[in-house]
Structures are given as structure tokens and as C-alpha cells.
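Enquirer: From Swiss-Prot, here are the annotated features:
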- 1-29: compositional bias 'Basic and acidic residues' (COMPBIAS)
- 36-57: compositional bias 'Basic and acidic residues' (COMPBIAS)
- 63-66: motif 'RVxF motif' (MOTIF)
- 239-260: repeat 'LRR 7' (REPEAT)
- 285-307: repeat 'LRR 9' (REPEAT)
- 449-470: repeat 'LRR 16' (REPEAT)
- 472-494: repeat 'LRR 17' (REPEAT)
Amino acid sequence: MSSSLGKEKDSKEKDPKAPSAKEREKEAKASGGFGKESKEKEPKTKGKDAKDGKKDSSAAQPGVAFSVDNTIKRPNPAPGTRKKSSNAEVIKELNKCREENSMRLDLSKRSIHILPSSIKELTQLTELYLYSNKLQSLPAEVGCLVNLMTLALSENSLTSLPDSLDNLKKLRMLDLRHNKLREIPSVVYRLDSLTTLYLRFNRITTVEKDIKNLSKLSMLSIRENKIKQLPAEIGELCNLITLDVAHNQLEHLPKEIGNCTQITNLDLQHNELLDLPDTIGNLSSLSRLGLRYNRLSAIPRSLAKCSALEELNLENNNISTLPESLLSSLVKLNSLTLARNCFQLYPVGGPSQFSTIYSLNMEHNRINKIPFGIFSRAKVLSKLNMKDNQLTSLPLDFGTWTSMVELNLATNQLTKIPEDVSGLVSLEVLILSNNLLKKLPHGLGNLRKLRELDLEENKLESLPNEIAYLKDLQKLVLTNNQLTTLPRGIGHLTNLTHLGLGENLLTHLPEEIGTLENLEELYLNDNPNLHSLPFELALCSKLSIMSIENCPLSHLPPQIVAGGPSFIIQFLKMQGPYRAMV
């Protein structure tokens, strides 16, 4: 039985000015009704070139995919704030813009079906934003806006563009994301002043050879389409800095990609790539390369020439080895993700290959050993993820990993943690769940910066008293072990907010648990020998979630136990010696 404690239900206030059904119907007819809110946030209404936002899903967190155009999004409005517009209101906005000689017009989120032809009069405009409307086409008159530099049409239902747009000789940014284009409109290839082109999330299947005409492009995003190949002419985009072709159906890249030597960000994740051309080594400016979720079985040696590379993500391919000395050649590499591949050993190349690495993710491979000394030069290595491998032990120099901040060793076959874990003095997160640990080293108490310790699903029978020294600990997970008691020193963990003790053999909780003044979540479920709870538990004033399923608690009145956690806490408050304090 799990419960949220002390939560009050939000009262629902009625809108005193709610429109009648007839009024709503009349308004709906005038505005054309509302469309569903798009799940993608709106881009900012600025015509600046977009840069990759760090730390997507996908990214630039190490081991996480990155999206090169996600920094131009702006938050969705609060519910109920979407604007309704009749055609008359839109015309009114156009007139106001003309009278004030405004250079910027934002008609986003107006449920516009058809843009009035009078738009042609606003020849002074340099920026026009039409995000999140219901446009299926644009009037030819938009071609009269000869000073336009930014045209934002994201989140509409466009299937084509008028040929008159080729009059927009000054257009630099064109945003066509989230429309219904089945091809790149031919007029787009004639907009040779474009520097930024967003075509994400359409239904495009091909990129024509005419892409070569857009020689000024620095940003091209065509992710989330159905593109099966890129033309050789892509290599003529010599000013390209960011190329995002993620989430398509590419099996190969043209060798001409090597001519795009200015590229810094290349996102190819979630395709069907079987190989990479050797010419990729010509991308001397490349700093971020995303190749996760493809079908690669090898990486070309030429990649070693990409000496500016800082982030390399190869997650979920079929790679079992890397070219020797590849990593040592990438002297600026700080984030390396090799998760979900076929590695049985660490890459060949010795300690020097990790000298600049900050984050290393090798989760879900078949590695059974971390070589001794492999991190002896890894002075900045802060995050290591070895989850879901076949480790049975840790190297003898384990205690020298003094820069480590986050260490994930979950889902291996470790039977013990070396005593010299005490040397990992920078450690803040330690994940050891799903191993074969029967006890913990006393040196664990030296990890004074530890905020999270996860020991779920091991074979622990007790905890060392030194755990009391982990005073910064906020999350302690001990679920599914064989604990019968807790050390009294657990009461010193006053910063603890989450304590997982479910699926153990606990017979009681120490009264010191009452000193956990910041405890918010307590999981006691499935402890078949837990018959009572200490009155001191009532002193945990911030406790909001407590789980007691499948605990007998026979020393408490049955009707109290049946009432659930909130009843139990109330009982402990009122019946215990601390009722005057709570």
C-alpha cells in the first residue's frame, strides 16, 4: 500500500464568464476552431542561426542524442492562451503593421487558414512569423515581401510553396518544420541567399541535385523525414556548419561529404548507415558527430584526422572494435559513447586514449574486465558508465580514480567492492544495483560527497556503520537485499529525501530514523518480518510517500494498518511520546 501523505486536493474554480454554447459555436465558426497543441515547442522568433542545445534526449549529454535545431524553440503558451483570430482581426493586424511601418510581424497561433492577399502591401517587412496556424498554402503575394530575411512557417499543413517566393532575394532563414511537404519545393532551391533552412518533420523522400544552389547555407536540418540518400552535390555546400539528417533512412553517405570542411556538427543518428566514407576524415572542423542507432560494423581509420572532434556517439551499432590509436589521435575528445555495441574488450590504444575524456559510456556490451592502468592518464574522467556488462571484479588501481564523480557499475557480476573505494573522494553518484554484493567496504564512509547510492538487488545482509559519514546523501536505495537491521548511524543522514528498503528481511527500524528531517519518500514494502514501526517515524515531518505493502505490522491496530500509510503516521503521532512535538 503506497500513499501520498498530507496532500490537499486542488479546488476547481468555475469561470464566472464562461461563454454559452451558442456563443462558443459562433466564435468557433468565426475562428475556424482550434487545432491540437503541437508537441514540439515553438522556435524563438529570431532569425539567428541555431546552435545545438546541450543536454536532449537525445543532447549533447554524453551518451545522449543531440538535436541541432532545438535551441530555437520557445515554450508553448499556458493552456487557454492560444489566440483565436477571425479574418478581420488578421487584416487589422496587417493594417496596423503597415501604418506603423513595422519590420517584424508575428501572426503565430492565430488559427489562420488563409493569409490575406493584402500581405503584399507590407514590403518593408524583414521578419514574418506564422508558426502554428492552419495554412495549407501561401498566397503568391508573399513574393512581394522583397525585404524579407526571416520567414517562419513551422507547424502548419503546407504541401507546397508558391514560385513567387523566388523574389525573396534577401531571405536568409526559412523554417518549414512540421508541415506536410512530400518534397523540397523547387522554389526553395532558388533561394540562393539562404543561410538557414529547417525542414524537420515533413514527408520528404529526396534531396535534389539543385541543393548545390544553396551555397551560402550554414545550417541545414532535414531530420525526421524519409530520405534514403543524399546527392553528391551536397558536397558543394562548402559553408555548411551544421548538417542534421537524423531520423531518416540513409544507408550510405556520398564521399563528397568530405568537401564540407567547415562542418562542426554532423548528426546522423537513427538512420540505416552501413558504413562511412573515408572522406569523413577531411572534416577538420568537426566537433560533434552523432552516429547512434545505425548499422555500422566498423569506423574508418581516417576519422583519426578529425582532430577537432569533442563528442563522438556510436551507441547502438554493431561495432566490436575501433581502429588502433583512433582515440589517441582525437586530442580534444571529451565525450565518448560506445554503449549497446559488441565490445568484448576495451579499445586498443592504452591509457593515452582516455587522457582528455570527461565522459565514457560503455553500457550494454560484453566487457568482462577493466584493464589495470587504463585510466592512469584519465585525469579529467568524471563519468563512467559500465552498466550491463560482464564484470566480475574491479582493477587493482580502482582507488586511483580520484576525479570520478558519477560511476555506474549496475547489472554486472561483482561480488565485492575494493576497500580502496575510499580513494574516490570526488564521487557523488554510485550505482551498484543488480550485482552479487554481500557486504560493503568500510572505506565507503570516506565518500563524503556522495549524493546518491543505489544498491538495489544485491545480497547485502548488513550495512557498515561508516555509512553514517555520508551526510550529503540524498538518495539511498537498498531494495531487494537480505537486510535484517539498519545501523543506528543511519540517523545521521539528515539530507536523505529518498530511502528504499523494500523487499528485505527487516524486523524493525531504528528509532534514529526520526532524525531524517528531510525524508520525503520511504519504501518499506515486502518486508515479511516487519511487525512494528517506531513512534519516532512521526518526526519525519516532510514524509509524503510511504509504501508498506505486504508488511504484517501486527503490533499496530488492524484498522489502522487497513487505513494505509496516512492512518499509520497519524496513529504514531497521536499515540507516541512525541505527540506534543508534531
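Each Cβ is built from the backbone N, Cα and C atoms, and glycine gets one as well.
In terms of burial and nearby residues, how do these features look in this structure?
Expert: Among residues of the same chain six or more beyond the repeat 'LRR 7' (239-260), those with a C-beta under 8 A of the stretch's C-beta atoms are 49-52, 65, 67-69, 195, 200, 215-233, 266-283, 290, 295.
The DSSP breakdown of the repeat 'LRR 9' (285-307) into helical (H, G, I), extended (E, B) and coil residues amounts to 5 helix, 3 strand, 15 coil.
For the repeat 'LRR 16' (449-470), the predicted model reports an average pLDDT of 98.
Beyond its flanks by at least six residues, the repeat 'LRR 17' (472-494) meets 433, 448-466, 500-510, 512-518, 523, 529 of its own chain at Cβ-Cβ distances under 8 Å.
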Enquirer: By a Cβ-Cβ criterion of under 8 Å, what residues six or more beyond either terminus of the repeat 'LRR 9' (285-307) are in contact with it?
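Expert: For the repeat 'LRR 9' (285-307), the list is 52, 59-60, 65-66, 246, 251, 261-279, 313-320, 322-323, 325-326, 329-332, 337.
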